[in-house]
Amino acid sequence: MGLTKQYLRYVASAVFGLIGSQKGNIVFVTLRGEKGRYVAVPACEHVFIWDLRKGEKILILKGLKQEVTCLCPSPDGLHLAVGYEDGSIRIFSLLSGEGNVTFNGHKAAITSLKYDQLGGRLASGSKDTDIIVWDVINESGLYRLKGHKDAITQALFLREKNLLVSSGKDTMVKWWDLDTQHCFKTVVGHRTEVWGLVLVSEEKRLITGASDSELRAWDIAYLQEIEDLEEPETKKIKGSSPGIQDTREAEEGPLETDEAPEDRILTCKKTGSIMREGRDRVVNLAVDRTGRMLACHGTDSVLEVFCILSKEEIQKKMDKKMKKARKKAKLNSSKGEEEDLEVHVEMTLQDEIQRVANIKTSAKIKSFDLIHSPQGELKAVFLLQNNMVELYSLTPSAPAPQPVRTSRVTLGGHRSDVRTLAFSSDNIAVLSAAADSIKIWNRCTLQCIRTMTCEYALCSFFVPGDRQVVIGTKTGKLQLYDLASGNLLETVHAHDGALWSMSLSPDQRGFVTGGADKSVKFWDFELVKDENSTQKRLSVKQTRTLQLDEDVLCVSYSPNQKLLAVSLLDCTVKIFYVDTLKFFLSLYGHKLPVICMDISYDGALIATGSADRNVKIWGLDFGDCHKSLFAHDDSVMYLQFVPKSHLFFTAGKDRKIKQWDADRFEHIQTLEGHHQEIWCLAVSPNGDYVVSSSHDKSLRLWERTREPLILEEEREMQREAEYEESVAKEDRPAVPGETQGENYFTGKKTIETVKAAERIMEAIELYREETAKMKEHRAICKAAGKEVPLPTNPILMAYGNISPSAYVLEIFKAIRSSELEESLLVLPFSYVPDVLKLFNEFIQLGSDIELLCRCLFFLLRIHFGQITSNQMLVPVIEKLKETTISKVSQVRDVIGFNMAGLDYLKRECEARSEVMFFADATSQLEEKKRKRKKREKLILTLT
């Protein structure tokens, strides 16, 4: 085999220009003990933590590939649960920024995440209609709740009782009993999707938001409590005559039989509704941690804030109402009548839930979060549609509360999609321009150095010398900016339509522009006298015009400045001589217009990218098409050669960037990362960096490494990735008693669980081989009458010369807790007898009892029939029964002893801290007295 041509690999280096992406929700997080200062925001596949006071990004929680769709901070504020587009959940530590725990169980995007009060369990809802409850401490799934018929929109734990309430797009609100894991009640009072629900008033009231402009309120009564209230009455009856008792029972009898079974835990009745001002659907509905402030917003830019009054406040309000009503009644009644009037005042829902204020943001709200400080101030943070974060504060207790915007994060990104990118000649500065602004970024630090307002930009370049930039706009203007001052130097009306493309001339003295007015114009740089100062400033003047029959979409100079390529709306590319503007060649073959093109550094090749998804490579000498490549699954948006080579990059609406070899017509590599269509890219003058922009509002930097890329290996890796994806999508193994397509376990088959099962199988095979070798070795030693050295397995040596059975235990310990059940589910039954025998050994030794019991009970559950019908396993199971019961009770005793010890220490600490507290207080009092005496002495001396 001959030498293969080596290429260098480009890798993703950074994501910048993005403040927050739209798919997920914004949340307040506690960092360094401060609440209300830091927020976590989804940013494509990552999560950014922003400091609202400084407007800086202080931490990035790095994701893998999938977009973030949901965030939820833990109650202790130390962790953040992040849900992704593919249904996986990761839990990150906010102290280290690492995501150590991963849960795979959902088949579609996560739509809701909520912790319980202690932070030990996490409920996740998904577009796949399932709710899964996860044990965060043990890092495993507890159970899956199936019942909704459409995507879950919210799932909440109740604080006092082991219940969960969930809402979905199927118009249902469901109540789940978590002890038995079944749905015991479905609330069917909604006609449309239920977009959000919250629990308020000490969990005695449920508020739901749907697709109309009312928030419905439901009263919850727990039946246990109702019975407790009625108990004293029944006691009274005991002493009365038996006849009364019988009639009472007879009355109650039919009631109990009629009572619906779902009402045995709680009743949920509609009490009324609060009208919103917005006419569209509720997008988000939330309460703050205290449960006092309620807020919701629709698809517009207004957040409506309500206050839930306490019992005392409601009583005060009702007393006032009563007074008013009495006064009114007095006035209405004739003066001659007695003043003693019966007045009835009904308490409405509006008396209990009071509108506070509306917060109007500067753009459409995508998500929000509330925090109510002990001082009574409400902080609301918003993630807006235009890539911006805003923080507002509001004092609800004020007579006329006015929201005040206290901070906003805007500098780190554009408000709209970036349409043009350019590198400076020293490879350090990157220009990005969008519909309203131009930003200059430092490539090394990714900080925004300059922001300048402009019109809708379509194309741009740095003027030689990197001190000025030129922008072409949608209205056909040329805008010239000075970078040092950030000022607009000049605006020139260049074309009557959109100015689609510009190309700097190779001699760097001028440039050419092409626009939608069917003309190509040539411009020269010149220095003109500035009216405001004595120095001259840069300007541009038009020299020539080339009029054509069709709109011009793209223009490009050849490196020797002899030829000019012009792409037209009639799907052809025309090549003209620059000096005489005479026609030279026409390149036709594309079925749709050519959107982008570039000429190689030596002027030999021209590559054209079109909306027909193809890239064609042509020779510039005769205009012959060397090759047509099917490049992307959607329009090719941008194409650029790597300087000093025949390699080029293309960007497509299919979210991919691809690198190609124009000599061998081969696809070298694909850079995946963007989550929406890519608009443009720029390759740095030294070819080491590529920067790309997309509809997901992010800019991505890709860096050339020194790692060689061999095409055969690349193809092999691609095939492996495809295989791994297909493995995860295969049918699940059927469990006895489970119907096909249903899944009661919380896990999901992934490539990791398959690999874990393979590792267990390999470990057991190694154990079998080693035990067989041991037997042989003993027989050899017996026959020889002396000790013969036994060769040790290299794998066991690597683990520190452990026994084969200990190696099996090590493999079990190495499996992630969240993937354990799924790995055992894949394990064939032929390995189970060995596993059970080994478990018996391990449990007798008393090592890792909890892990082994978990595996043992799961295997017994899924292979129950085969294990019980296997005579060989009866003695094993008998032994396991004895050892497990004794060892588990031992472990329980140890835990009980430790708990009692910790309780004792806690009491001791509390007692000590109280003593300290009192000692502290007395010393403070003495200090105050001393200061007062000093002050009195001073006054005396002064008088």
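Cβ from N, Cα, C; glycine included.
Summarising the annotation, TrEMBL assigns repeat 'WD' to 61-102, 103-144, 145-186, 187-228, 411-451, 492-526, 587-628, 629-670, 671-703. The region 'Disordered' annotation in TrEMBL covers 233-264, 723-743. Taken from TrEMBL, the feature compositional bias 'Acidic residues' covers 252-261. Positions annotated as compositional bias 'Basic and acidic residues' by TrEMBL: 723-733. The domain 'Small-subunit processome Utp12' annotation in TrEMBL covers 805-907.
Contact between the repeat 'WD' (671-703) and the repeat 'WD' (411-451) is present: at least three CB pairs lie under 8 Å, with pairs separated by 6 or more positions in sequence. Tertiary proximity for the repeat 'WD' (61-102) is limited to same-chain residues at least six positions away from its ends with a CB under 8 Å from its CB atoms, namely 21, 23-31, 35, 40, 42-49, 108-115, 117-119, 122, 124, 126, 128, 134, 136, 139, 672-673, 675, 748, 816, 818. Taking H, G and I as helix, E and B as strand and the rest as coil, DSSP gives the domain 'Small-subunit processome Utp12' (805-907) the counts 93 helix, 0 strand, 10 coil. Taken as a whole, the repeat 'WD' (587-628) shows an average pLDDT of 95 in this prediction. Each residue in the repeat 'WD' (145-186) gets a DSSP state, and the totals come to 0 helix, 23 strand, 19 coil. DSSP labels the residues of the repeat 'WD' (492-526) in these numbers: 0 helix, 22 strand, 13 coil. Residues of the same chain lying 6 or more positions beyond the ends of the repeat 'WD' (145-186) and with a Cβ under 8 Å from any Cβ of it are 108, 111-112, 114-117, 121, 123-127, 129-133, 192-199, 203, 206, 208, 210, 222, 261-266, 268, 742. Secondary structure by DSSP for the repeat 'WD' (629-670): 0 helix, 25 strand, 17 coil.
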